[in-house]
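S.K.: Here Swiss-Prot flags 1-20, 27-238, 904-934 as region 'Disordered'. According to Swiss-Prot, the feature N-acetylserine maps to Ser2, an assignment based on a large-scale study or a structure entry. Marked as compositional bias 'Basic and acidic residues' by Swiss-Prot: 7-20. Here Swiss-Prot flags Ser112, Ser123, Ser129, Ser151, Ser198 as phosphoserine. Annotation source Swiss-Prot lists domain 'HARP 1' at 226-303. Positions annotated as domain 'Helicase ATP-binding' by Swiss-Prot: 445-600. If you look up Swiss-Prot, you'll see 549-552 marked as motif 'DESH box'. According to Swiss-Prot, the motif 'Nuclear localization signal' annotation covers 644-661. Residues annotated as domain 'Helicase C-terminal' in Swiss-Prot: 716-869.
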Amino acid sequence: MSLPLTEEQRKKIEENRQKALARRAEKLLAEQHQRTSSGTSIAGNPFQAKQGPSQNFPRESCKPVSHGVIFKQQNLSSSSNADQRPHDSHSFQAKGIWKKPEEMPTACPGHSPRSQMALTGISPPLAQSPPEVPKQQLLSYELGQGHAQASPEIRFTPFANPTHKPLAKPKSSQETPAHSSGQPPRDAKLEAKTAKASPSGQNISYIHSSSESVTPRTEGRLQQKSGSSVQKGVNSQKGKCVRNGDRFQVLIGYNAELIAVFKTLPSKNYDPDTKTWNFSMNDYSALMKAAQSLPTVNLQPLEWAYGSSESPSTSSEGQAGLPSAPSLSFVKGRCMLISRAYFEADISYSQDLIALFKQMDSRRYDVKTRKWSFLLEEHSKLIAKVRCLPQVQLDPLPTTLTLAFASQLKKTSLSLTPDVPEADLSEVDPKLVSNLMPFQRAGVNFAIAKGGRLLLADDMGLGKTIQAICIAAFYRKEWPLLVVVPSSVRFTWEQAFLRWLPSLSPDCINVVVTGKDRLTAGLINIVSFDLLSKLEKQLKTPFKVVIIDESHFLKNSRTARCRAAMPVLKVAKRVILLSGTPAMSRPAELYTQIIAVKPTFFPQFHAFGLRYCDAKRMPWGWDYSGSSNLGELKLLLEEAVMLRRLKSDVLSQLPAKQRKIVVIAPGRINARTRAALDAAAKEMTTKDKTKQQQKDALILFFNRTAEAKIPSVIEYILDLLESGREKFLVFAHHKVVLDAITQELERKHVQHIRIDGSTSSAEREDLCQQFQLSERHAVAVLSITAANMGLTFSSADLVVFAELFWNPGVLIQAEDRVHRIGQTSSVGIHYLVAKGTADDYLWPLIQEKIKVLAEAGLSETNFSEMTESTDYLYKDPKQQKIYDLFQKSFEKEGSDMELLEAAESFDPGSASGTSGSSSQNMGDTLDESSLTASPQKKRRFEFFDNWDSFTSPL
């Protein structure tokens with residue numbers, strides 16, 4: 001790789017260039033005096049000049065503006081007299097096309113080069129606000145076959161403009177001043193070839209003005225010329241080239257000849273999504289030349305920042321040997337935020353601009369990126385100075401950034417994070433405040449510093465729920481509170497409020513279950529996304545404080561849930577959005593969440609899309625699916641909108657396991673299943689029942705619970721997948737539950753494995769490795785009794801228990817499939833519990849057993865202290881009697897195996913069997929295969945009473 005030029009080398013090159021220009025100017029002036037007499041003779045006899053048959057007329061530039069740097073090229077086959085001019089010469093003079101005969105130099109025999117060129121005017125971008133330049137100051141070069149020639153009126157004078165004004169903006173953002181008139185580019189090589197190929201005496205010259213198109217002239221006739229060197233037909237297929245980062249795209253319909261050209265380029269790349277071809281900039285010239293030779297294709301070139309439709313490489317080929325004017329080139333760029341303290345100037349090289357950069361006190365130069373950066377406090381100063389440079393356009397930072405970083409623009413702090421004051425939480429329940437971890441307390445401080453409007457995007461398992469409750473409690477005087485959550489966790493939020501705000505009465509919480517419920521019935525109103533869209537009429541009363549859990553559900557502004565939620569968020573004074581998976585790779589999905597928190601940020605999505613979504617204009621409209629300037633977007637969000645911490649950032653503050661009860665919605669249990677559950681509960685409390693009959697009724701109740709939980713379990717799993725969970729384990733016991741889960745995952749095309757009692761040992765190991773090595777979404781559906789030991793799933797950090805098991809040792813062993821050697825994260829354990837089912841009695845029973853073992857020193861695990869939302873148990877005598885029955889049934893030695901075998905052999909459809917006639921009275925229609933898992937060998941439960949194995953180190 002070649003090393004970049006130093007400043008001294010650049011200065012030396014520039015000095016040599018200026019010396020060469022001066023020498024050439026002196027030479028041209030000397031030759032000009034030698035030709036004065038011949039030029040005067042032509043002017044003195046206009047009729048003779050008019051009748052000269054072989055005189056070639058100078059070719060004007062194809063630049064679309066009269067003030068631009070113009071190159072004039074002419075092929076001279078002989079040194080004859082001046083060519084014919086129109087009778088109405090004054091009209092052509094007004095347009096700047098024709099010159100007076102005395103202004104037209106005569107070709108010098110023996111000294112004319114093959115091509116004759118003239119450089120006139122100033123830089124094209126200056127056409128927007130052109131200074132008045134005397135005609136004598138316009139620089140012009142005309143080359144003969146051996147020496148350069150100049151007209152008598154030309155003087156070599158450097159362009160000077162003592163007073164500079166900011167350039168006016170172009171009329172359209174889709175075109176630059178260089179090609180605003182729609183003129184296609186010229187290729188110097190192709191023109192030279194065309195001139196050489198012309199017959200003797202038929203030289204083609206181009207005549208162009210700021211308002212007319214390029215026209216070739218052959219044998220004294222003017223003909224309209226298309227944009228390429230090859231004559232294009234009326235029905236030629238039109239397309240254009242568009243910049244795409246460091247490459248360019250070709251937007252055009254299908255053309256077999258052009259596709260063949262595409263395939264010959266080494267940097268070709270076809271995008272099947274957009275159905276477009278893109279190439280490296282190195283192949284641009286080759287592609288344009290090939291496209292110009294195709295009569296069926298009319299390809300518009302790139303729009304360059306230099307104000308020309310030609311690439312620098314293409315135009316430079318036809319201008320070899322000509323002196324360039326670097327001081328007249330036009331550069332355009334923009335400012336980009338690279339940190340809280342610094343911004344960067346993303347712009348091409350300009351000598352004047354570099355000199356200005358060096359005047360800034362905080363300047364920094366990155367050798368790798370070759371870009372300059374400055375402190376934010378110098379942003380306004382730099383932009384003001386750059387506006388004094390007529391050849392430079394540097395766009396400042398967007399208004400949104402200047403508002404978000406107003407304090408930094410005033411006085412820059414080098415701190416990586418903003419200073420957040422400590423919030424006064426004295427009026428919040430002490431139980432809640434005392435249970436906040438340090439990073440959670442910092443999150444509450446951040447939210448209050450932002451006025452209660454933020455996107456809390458902490459990683460999953462970092463306690464966004466408790467932080468949101470604390471933030472909302474700080475603004476308790478502004479309640480009623482609206483909480484919008486996924487349907488599967490409505491009752492989990494209810495339990496969380498009751499746990500962390502003990503001063504709150506249970507009657508104050510209103511969980512909306514159906515579309516007929518009132519949305520404003522309580523001080524705290526909890527509703528699902530889907531029901532919110534059905535209760536729009538009740539949203540006329542504004543809520544001042546709103547919590548949105550899993551706010552990424554609002555990513556699509558066209559959905560009913562988003563249309564219902566956005567008006568509520570716009571009028572709310574406090575908006576607390578919770579999301580564990582902000583879509584940083586697809587900024588378009590973040591837009592609705594950003595404007596929900598900060599409505600004044602990017603009121604128009606298009607401005608947001610252009611800067612951060614890599615917006616592209618396609619034949620069918622704008623494409624916002626990409627991403628750009630993600631570093632700047634992240635800085636903006638973290639400064640004003642979003643707070644995000646990863647598990648790796650706060651791992652030292654997290655426990656090894658975080659257990660959580662998820663109270664699933666009982667409303668999903670249908671009437672038939674509810675009636676069966678009630679009948680089974682009644683059967684257990686009926687008097688005059690033997691112990692065996694009571695135990696059979698208990699097993700039936702346990703099986704009915706499995707059937708009742710299926711819809712809510714599936715809904716919760718799908719919510720986890722939609723929330724961005726990539727890998728997790730799901731444990732269940734009944735075969736009907738395992739089957740329902742796997743069927744839904746197959747229907748949703750989610751990669752998963754299943755291990756139950758029918759899975760062989762060799763197959764288990766293969767499935768385990770498949771799950772461990774998978775990089776995509778993966779769910780392991782496991783049987784509690786068949787896959788609770790001997791397997792390692794450390795690549796996941798979440799375990800979901802769809803069902804409870806009466807022996808806590810089995811549950812702990814199942815948890816440890818994830819919490820093993822190789823696990824580098826805190827493990828989340830979610831227990832799905834349904835009210836009104838056997839879970840009401842199994843969960844307290846599990847806690848009681850663990851507590852007894854912990855007091856005896858046989859277990860280090862305490863479910864009560866390590867689990868959220870543990871305080872629920874029905875208090876009426878009937879429920880207590882059922883709980884006692886569960887406790888007595890499972891406390892006898894060997895009862896585990898007996899009850900397990902009874903549950904597995906239970907056939908509710910038969911009149912005989914373990915359950916007797918009670919199953920007939922229940923009217924159950926489920927068969928045995930759908931209710932129980934595969935039969936297990938007795939050796940799988942020999943470890944139940946060996947509690948040391950549960951507490952020994954991994």
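From the backbone N, Cα and C atoms, a Cβ is placed for every residue, glycine too.
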S.K.: Residues of the same chain, at least six outside the motif 'Nuclear localization signal' (644-661), with any C-beta under 8 angstroms of its C-beta?
M.R.: 437-439, 443, 457-459, 461-462, 492, 495, 582, 638, 797, 815, 819, 825-831, 833, 843, 863, 866-870
S.K.: Mean pLDDT over the motif 'DESH box' (549-552): what is the value?
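M.R.: So the average pLDDT across the motif 'DESH box' (549-552) works out to 90.
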S.K.: Let me spell it out: take the motif 'DESH box' (549-552), skip the flanking residues so only those 6+ beyond its ends count, and list any with a Cβ under 8 Å from a Cβ in it.
M.R.: 455, 464-465, 468, 483-486, 489, 493, 577-583, 589, 593, 596, 719, 722-724
S.K.: Using DSSP, tally how many residues of the motif 'DESH box' (549-552) sit in helix, strand and coil.
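M.R.: Looking at the motif 'DESH box' (549-552) with DSSP, the answer is 2 helix, 0 strand, 2 coil.
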S.K.: Go ahead and report the DSSP secondary structure tallies for the compositional bias 'Basic and acidic residues' (7-20): helix first, then strand, then coil.
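M.R.: Computed counts for the compositional bias 'Basic and acidic residues' (7-20) are 14 helix, 0 strand, 0 coil.
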S.K.: For the motif 'Nuclear localization signal' (644-661), what are the DSSP-based totals of helix, strand and coil residues?
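M.R.: Summed by class, the stretch gives 6 helix, 5 strand, 7 coil.
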S.K.: In the domain 'HARP 1' (226-303), how many residues does DSSP assign to helix, to strand and to coil?
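M.R.: Grouping H, G, I as helix and E, B as strand yields 21 helix, 25 strand, 32 coil.
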